[in-house]
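What Swiss-Prot says about this one:
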type     : residues              : note
ACT_SITE : Pro2                  : active site, schiff-base intermediate with DNA
ACT_SITE : Glu3                  : active site, proton donor
ACT_SITE : Lys57                 : active site, proton donor
ACT_SITE : Arg259                : active site, proton donor
BINDING  : His90, Arg109, Lys150 : DNA binding site
ZN_FING  : 235-269               : zinc finger
Amino acid sequence: MPELPEVETTKNGISPYLEGAIIEKIVVRQPKLRWMVSEELAQITQQKVIALSRRAKYLIIQLETGYMIGHLGMSGSLRVVEKGDLIDKHDHLDIVVNNGKVVRYNDPRRFGAWLWTEKLDEFPLFLKLGPEPLSEEFDSDYLWQKSRKKQTALKTFLMDNAVVVGVGNIYANETLFLCNLHPQKTAGSLTKAQCGQLVEQIKQVLSNAIQQGGTTLKDFLQPDGRPGYFVQELRVYGNKDKPCPTCGTKIESLVIGQRNSFYCPKCQKR
């Protein structure tokens, strides 16, 4: 599943082709995604793109009359193609702009979304989201207060979008390894120092992943077709039975909250 770095990479990749351009039309080939594609999108014509931004794992395209909001789901990706390029099987939506380019949405599993809102601050899916992990608001004091009396597993806690957005499975695993914290440790048992370390490493891991263009495991590609190279930096995620890069102990895995978790039993003692 594309996580925050992959969505940020996608935003950065398509921004030069969209910002300031005029959308001539939006072609919807398959409206049945996770939710039905908003009917307003097919009616957009001759609208200027004001800006692109991101909230959590949502891509936001600001137009003159409102906002297109995209989510890549489990297998979605956006790529920049030329008008007239062949359409692939899972190409479900095109944003056709006046510079000869098409921003094309591909999603084999159709678990993504394309929605519309006129008022971003009233968009229902954004109302209960926590702070952005790379923002100043997300600091050790905030995480310390949020974690008090929480009996949930630490990894589940970090992946809760009401706590902090965008820390998905890949990057939660990597962060906990770098902090020498077991994924099943209860969130409420964190010390103030551990909260500070977690915040620092979350910011560092996500920033590094963005610089590397995200992580390509199966479906994700950057808008220019290149893979995300952070996959080469993964220390524990997906590395069950491989040696820990720190101590050489075999990496183990377990399921927490229906997600695979990877950790070193020696470096990350519970």
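In case you wondered, yes, glycine gets a Cβ from its N, Cα and C as well.
A map of Swiss-Prot features onto the structure.
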{"residue": "Lys57", "record": "active site, proton donor", "contacts (Cβ under 8 Å, 6+ apart)": "Pro2, Glu3, Leu4, Val7, His71, Leu72, Val165, Gly166, Gly168"}
{"residue": "His90", "record": "DNA binding site", "contacts (Cβ under 8 Å, 6+ apart)": "Asn106, Asp107, Pro108, Arg110"}
{"residue": "Arg109", "record": "DNA binding site", "contacts (Cβ under 8 Å, 6+ apart)": "Gly73, Met74, Ser75"}
{"residue": "Lys150", "record": "DNA binding site", "contacts (Cβ under 8 Å, 6+ apart)": "Phe157, Thr186, Ala187, Gly188"}
{"residue": "Arg259", "record": "active site, proton donor", "contacts (Cβ under 8 Å, 6+ apart)": "Lys155, Met159, Asn169"}
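Averaged across the zinc finger (235-269), the predicted model reaches a pLDDT of 95. With a cut-off of 8 Å between Cβ atoms, the residues of this chain six or more beyond the zinc finger (235-269) that come close are 153, 155-156, 159, 169-170, 173-174, 176-178, 180-184, 217.
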